[in-house]
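Taken verbatim from Swiss-Prot:
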ACT_SITE  H60  active site
ACT_SITE  D103  active site
ACT_SITE  S104  active site
SIGNAL    1-18  signal peptide
SITE      K69  site 'Role in lipopolysaccharide recognition'
Amino acid sequence: MKRLISCLTIICALNASAAAETTSNPCSRWISFLKPVCQRIHQTWAEGHDDMYFSGYAWHNRYVYSNEKIKSYNETAWGGGLGKSLFDEKGNWHGLYAIAFLDSHRHLEPAVGYAYLKTASVNKDLKAGLGYSVLVTSRVDYDNVPIPGALPWAALFYKRITIAATYIPGSSREGHENGNVLYMLGKISL
């Protein structure tokens with residue numbers, strides 16, 4: 001519950017910060033080479049559609065984990081969250097999100113981040129995208145310390161519905177297995 005409140009506090013702080021900035025030059029205090037990053041994040045927040053995220057599956061790589069270990073893991077990573085997203089002038093997707101889900105040990109794991117996908121249109125309603133996400137998360141097994149990360153991300157967009165996946169790399173060292181998880185999530189643009 002504390003982590004959920006922390007995520008909501010971060011979202012509210014970002015919203016208050018965005019509202020406090022002047023609309024004419026919201027990134028004026030950023031270092032010059034980071035201004036494009038600020039401007040894209042601000043554009044996504046200000047012009048993006050509201051999104052509702054849901055998750056439900058985390059596949060643990062069968063080539064890394066034993067059957068016994070897999071049976072002990074939670075692969076139904078139920079959770080959800082909120083976000084903002086938009087397709088830019090080139091048709092590529094940008095998203096800001098805050099989600100929480102049940103991790104492999106059935107503990108609540110929050111994450112907030114930004115994602116970018118280079119997209120290709122299959123037809124008018126269907127797009128495919130490949131890109132990355134940069135995020136901050138925290139886990140019980142790491143004493144709930146905020147952990148920054150970057151992950152690959154792929155998605156299929158159909159009208160307002162999106163199915164996305166990321167692969168969390170890890171170690172397969174005997175007795176120290178972690179990561180190596182395909183995490184699936186969905187999104188509905190409201």
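Backbone N, Cα and C atoms are what each Cβ position is placed from, and that goes for glycine too.
On the structure: features taken from Swiss-Prot.
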residue: H60; record: active site; Cβ neighbours (10 Å): 20
residue: K69; record: site 'Role in lipopolysaccharide recognition'; Cβ neighbours (10 Å): 12
residue: D103; record: active site; Cβ neighbours (10 Å): 20
residue: S104; record: active site; Cβ neighbours (10 Å): 22
DSSP-derived structure type at K69 (site 'Role in lipopolysaccharide recognition'), helix or strand or else coil: helix
Alpha-carbon distance [K69 (site 'Role in lipopolysaccharide recognition'); S104 (active site)] in Å: 11
Once DSSP output is merged into helix, strand and coil, H60 (active site) belongs to strand
